[in-house]
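Below is one structure, written out as structure tokens; the observations come after it.
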Amino acid sequence: MKDTADITVLGAGSYGTALAISLASNGHKTLLWGHDPEHIATLSRERCNAAFLPGISFPDCLVMEADLGKALAASRNVLVVVPSHVFGDVLRQAKSLLRADARIVWATKGLEPETGRLLQDVARDALGDAFPLAVLSGPTFAKELAAGLPTAISVAGTDAGFTADLVELLHSPKRLRVYANDDFIGLQLGGAVKNVIAIGAGMSDGIGFGANARTALITRGLVELSRLGEALGAQQATFMGMAGLGDLVLTCTDNQSRNRRFGLALGKGCDVNTAQSEIGQVVEGYRNTKEVFTLAKRLGVEMPITEQIYAVLYQGKSPLDAAKELLAREKKSETAAAD
């Protein structure tokens, strides 16, 4: 089937729209699909996503499409940018509509709800093994990406040719640097765990602990990410790159991060429901915490920071008590195999 677009983006939220804008700004004809026809009609009419990215106009070669079948028929390259808790549902909905030569990449960050499985496993369950898969991950705030501010990300996949094509599609000398990576597992994991640690960093700052505590939490959070990655067969070098340290620092230190702002509200005394309402958008880290906690328990990986954040979100523990428990833990060597 002949392409009528270079790539189709599924998901018209802030990040999906930002990626679509970036792709179209490279001169690629890009189709942006969303599940709400009224929202897509508004985007098409106003030529911007005023709700999430106000003041940023769409390039001429960015086209809206409310019909999923038409969107998937337009291009073999499909970029999925939906929340992790609906990722599997969207792929199952898409399966019968995908072209035989389709190639699937996602920028969704998270794990499968309840089970803690990697999204590669969710994708294979939904689609089978016929399609090349890839993941896009790294330190990216949607507003900055959409505005064309310099950004760097990583991409990894099951097919080297697909990965190379994605680098060519996404890379822009003026706005976006894209690094190829061969660690498919590591890139998926980094995007989920950093959301959890960002909530913890926000809690710490909300309590008023300061920069020293925040930096310690980020550093030990990176240890937890590396430890979980090792158990899953990821490459440790990945966690020192864009999808590990890069994304972790970004989300833990800047208030553009919904996860960090959520943690800040909790640290200042808000309950979970109030804190989520204040954000006004999906806080991926809330679900990610349960998913990462579940995965770590299943694999027998010790992740004390994650455990305390889970206790705050799902067991009613106060952020201050969680912090006190972390500080009171038995003294250990920094370089010991388990902390």
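Cβ coordinates are placed from backbone N, Cα and C, and glycine is handled just like the others.
ALA142 (NADPH binding site) falls within a helical segment according to DSSP. The Cβ of ALA142 (NADPH binding site) lies under 8 Å from the Cβ of SER14, TYR15, THR17, ALA18, PHE52, LEU53, each of which sits 6+ residues away along the same chain. Per Swiss-Prot, NADPH binding site is recorded for SER14, TYR15, HIS35, LYS109, ALA142, ARG258, VAL282, GLU284.
Taking the Cβ of LYS109 (NADPH binding site) as reference, residues of its chain lying under 8 Å away and at least six apart in sequence are, in sequence order, SER84, SER137, GLY191, ALA192, LYS194, ASN195, GLU284, ASN288. Per Swiss-Prot, sn-glycerol 3-phosphate binding site is recorded for LYS109, GLY138, THR140, LYS194, ASP247, SER257, ARG258, ASN259.
Here Swiss-Prot flags LYS194 as active site, proton acceptor.
Sequence-distant neighbours of SER257 (sn-glycerol 3-phosphate binding site) (same chain, six or more apart, CB under 8 Å from its CB) are PHE141, ALA198, GLY202, LEU250, THR251, listed in sequence order.
Farthest C-alpha pair in the NADPH-binding residues SER14, TYR15, HIS35, LYS109, ALA142, ARG258, VAL282, GLU284: 22 Å apart. Residue pair ASN259 (sn-glycerol 3-phosphate binding site) / VAL282 (NADPH binding site) shows a Cα separation of 9 Å. Between the CA atoms of THR140 (sn-glycerol 3-phosphate binding site) and HIS35 (NADPH binding site) there is a gap of 23 Å, rounded to the nearest whole number.
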